[in-house]
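Enquirer: Please read through the structure below; I'll follow up with questions.
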Amino acid sequence: MNDASLRARMRGLAAFVALIILVLGSPAALVAWGRLDATTLLRPSGWLTPDDGTILLGIATVVGWLAWAVFTVCVVSEIVGLATSQRRHIKLPGLGTVQSIAAGLLVASLTVLSPLTRSAAPPTPAPIVATAAATPQPADEVQASAEVEPAPDDDVMTVTVGPHDDLWAIAETWYGDGTSWRRIAAANPGIDVDHLAVGQELALPGATMTIPNGHTGAGHPLDADQLDRLTPSVDDHDVRTVTVQEGDTLSGLARTWLGDAAAWPSLWHLNAGIVTDPDHIEPGWELVVPAPELEQATSTSVADMDEAAMTEPEKALPGHDDEASGADIAQSALQPDAPPSDVPTPRPEEAVAAAGVGQDPAEILRTGLAGLSLFLAGGVAGTIAARRQQQLFTRPLGRQIPTVSGPPRRAKRMLDTAADHGDEATSRGDDAVNTNPVSADTLTPTTVVLGTTDPHTPVVLDLADTGGLLGIDATAELASAVVASISLSLVAAPWSGGIDIVAVGDDLAWLSRAGSDDVQCADVEEIVEGLADHPDGPSSQHPSITRVVLSSQPLDLPNPSSVVEAGIVVVMPSTCGRRVIVTGPDHAELDGQAFTPQIVTAPMRRAVVELLETTARTDTEPALWWEPRRGEETSSPPTMVAKTCAVLPPSDAHTTVEEEHVLTPTALSDVAQLPVPVGAVSSPVLRLLGPVDLVGARGNPPTKARRQCLEYCAWLLCHPGARSVQMADALMVAEPTRRSNVSRLRRWLGADDNGRAYLPEGYDGSLRLADVVSSDWERLELLVAGGVSTAPLANLVSAMDLVRGAPLADAAPGQWHWAEEWRIDMIQMIRDIGVEVARRAMENSDFELASRALARATVACPEDEVLLVARIKLADELDDRGEVERLVYVLSRQARRLGVDLSEETISVLQEVMEGHVRARVV
C-alpha cells in the first residue's frame, strides 16, 4: 500500500467515525445530557426570573435536536443520490452547504468500505494504462501517474456528455470508481450535477485513458497533448454532415465516406456527443464526417507520436530460458498483473489502440498474441482442436480429459480468436486484404513461418529449398528468438509432422514437451560429430528432407551439400547458406524481401507449449461428476467439487416418456425426438444446453446485441462478483461496449416482485446476478450432484430432458472463447449421463428410453467411441443388422480420420456383433 492510499484510508476512516458520531452519537448525547423541560420553556414566568441554567440548557437541547434532524435528512438524501447514481438526487432548499458536508463525509467513508468489498471478489487484474511505448513501468509508478493531477489547465482531459451519461457513470469509466464523481464536479464549477446537458464538455483532472487488460502492452500513460494529436480539432470546412439511414453502421459509413471501414473510430469521436455506443446509431441522426485531409493528418500525428515514443529506453528482447521462474510469466501479456518486461515495442498502429480511440479488432488480437503471427496462431489453434477431439473421442466412461487452466487457457482463447478472425476475413472477401495468402497445397512438413509482410500475409519458407542450411544473420539474442519461433511451426502447425526434429542444446529442450513424438534432444558435440560422418557426394535435384536440426548457437558444419544429400536441414545463427537477415524486432529480409519477423515472447511460447503438451496427453482423470459403481473400482471415489448453486425454479422438463414420442427400434435417430416445453418459470433461467436463450426475464428483450447480452449473462453466472475490468478483458470488448451491453442485459432481466433488479448496479465496481438467476446447466449439475453412477434413474432422465442440442449450439464465431473448457465439461457430463441411462434402460428392457437417451447424447457429443459402442449394443439387442453395420462403419471411419486406435473393449464388442464371438487372444 503506497502513502497516497494510506492517507486516503486514514481520511476515510476519520470521515466514517465523524459520520457515526454525528448521526448516531449526537442523539445519544442529547438524550443523556440534554434537558428539555417544556413547562419551564413555555411558561412566561420562567423567562422573567433569573435563569439557573435550565432555560439555556433547554434551548441548546432544542437546537441540537433540530441540527441533528437537518443533518440526518441531508445524509439520507445523499445516500439516495449515491444509490441511484445521482438520478434521484434531492436538493433541500437552503441546505446546500449541509448537504455538501454530508456528501463529502459519505464519499470519504466509501474509501474505507470499497477495498473491503473488492477483497471479497476474485483477484482483479490491474488495468493496463494506455501506452505509446513498451518501456516497463513499476506498478506503483503506474498508479502514481494516474493519481497526480496535471497543473496546467491545458493538460486536463475532457469528455463529452452523452444522452445517458451521469457523473457517477463517467467517474466509474474514467477513474474506475463511481465515488470519484465529486472530483469531476469540483473541476467543473457551475454544472448541474443532477442533469448533465448532452454535448457538454467536462474536465477530468488526473484521468488517463485505460482499456481492458490484454488489449495492449504496458508503459507510460498518454497525456492530453498526445490525445489531442490523436483526435485533432476540426474546423467547419474540414467536415461534412451525413444523415443516418436504416441499417447504417459506423464502419459502413466509414467505408462509404472515408474509403476504409477501419476508420470508424474517427466518426465515433467526432460525434461523441451523439454516439455513445459505437455499435448503435439511430436513423435520422446527423453525423459529422471528416474530410480526407483530416484523416491524413490524424495518421501522421499518430506516427509522429510513436516516433517520439521510440526515443524511450531500448526495448528488452524476449527471453529464451523456458525453465525460468514463474515471475517471468507474471511479466507477460498472459498475466496482466504486472507490466511485461519482455514484450517488443508496440508498432505505430498500437498507439491508437493504447489511446482507446478504437481500431481494427485484429490489432487488439495481434497484441494479445505476443509476437505470434495470425497465420501460425490459426494453425496452432487447429492443431489443438484436433488433439482435443482425439481426447474426447477416446475418453472412457466416468473419466475426464485433462483440463487447461492458467496462462495456457488464456493463450488458447487468443489462438481460437485468431482462427475465427481468419475465417471471418475469408468470409468477408475484402479486396484490400489477401485473405488466402498461402495455399494449403503448398504447405509441407518442412514449411515454417518466418513473419509477415502485413497483418494477413505471412512469409513462409520450405526448408527443403534452403540447400541444407538456413542461417539467421542477427545478434545472438535476436537469432535465438527467431530460431525458437521457427521451431513452433515444426511442432505445432497442422501441416507439420512426419519428419525428425533435433533440438540442440538446453535452450531448445522445451520442444520435447510439445506433445510431438518426432522431437529428439541432443547436445552440440553429438550433433557436430554426427553431421561430420556424412561424406560429400553428387547432389540430387530434389533431395527428400527427413530431419531438421535446430540450434540457437552456431555449429561447426561440414559442406551443406553433404548435409542436404543426407536428407538433413540445419537452422542456426549463421552468415552462410540461405540467410534470413534480421536487423531488429520489426525488420528482416529474405532474398531481398522485407518483412516483420515472427518473434514470439518466451511467456507466450511457454503457454503454447504447455497447451500442446496438455492436449497431447492420452491419460484421463477421474470425472468429478462420476462415482464408480461398487466392484468396478477399488480406489476411493472422487470427491465432488463443492460449488454454491443458485436457487433453482421448478423443473420444466418431463421425466416420463409420452407414447406419441416412442421411437421404433428400426428408426434410431441421431437427433433427440422428445421436445422439452419451456413452461412458466418464476425467475430468469439461461438455457445453455442447446441454442442459447434466456427465459423468465421480466424486461423486454433488446433489439440489438441480443447474443452478446446472453454471453454476458453466462459470463456473470460463471464469475459472480467479478469486476468490470475482468469482464472486458475476458470478453475482449471495449469498455463503452461492455457498459452498453450490461445495461441492455439489466433492462432485459428486469426486477423481481419486490422491485429488486436481477442484475443490480455495481456501485462497488463488482458485478453479480441475483441468486435466483440460474441456468439449465446448474439444474443439470444439481440433478446429478451425488454422482452420475449413483443418481436415481428419474434424475438422470430429467437431466437428459434438459438437453435441447449441443451445448452453446448457436454461439457465433469470435464469441464464447472464454467458455470453451466449460463447454467441454458439459459435453463430457452429458455423454456420461446418456450412456448410463441407456445401460440401466437396457437392463430393464426399456429400449425406447435407451434409444432416446443415446440420441440426445449424440446431439451433444456426435463423435465419441463409448457412445457409438453403446448405440451398436442397442442396435444389436434390437436385432437391427443394418444399423449395426452402419454404426460400425461410422465408428471405424471416425477413428481413422482422427488418427486414434480403438480400445480393446471396443474391438471385442465389434468382433462379437459382427462375427458372433471374440477372437482368441491366446494360442
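Each Cβ is built from the backbone N, Cα and C atoms, and glycine gets one as well.
Under the heading compositional bias 'Basic and acidic residues', TrEMBL lists 421-431. What TrEMBL records for 157-204, 240-289 is domain 'LysM'. As annotated by TrEMBL, region 'Disordered' applies to 421-440. What TrEMBL lists as transmembrane segment is 55-80, 92-113.
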Enquirer: Which residues of the chain, 6 or more past the ends of the transmembrane segment (92-113), have a CB below 8 A from one of its CBs?
Expert: 8-9, 11-16, 18-19, 22, 70-71, 73-75, 77-79, 81-82, 179, 182, 764
Enquirer: Please give the average pLDDT for the domain 'LysM' (157-204) in this predicted model.
Expert: 76
Enquirer: Treating G and I as helix alongside H, and B as strand alongside E, what does DSSP give for the domain 'LysM' (157-204) in helix, strand and coil?
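Expert: Residue counts for the domain 'LysM' (157-204) by secondary structure: 19 helix, 8 strand, 21 coil.
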Enquirer: Can you count helix, strand and coil residues in the domain 'LysM' (240-289) using DSSP?
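Expert: DSSP composition of the domain 'LysM' (240-289): 18 helix, 8 strand, 24 coil.
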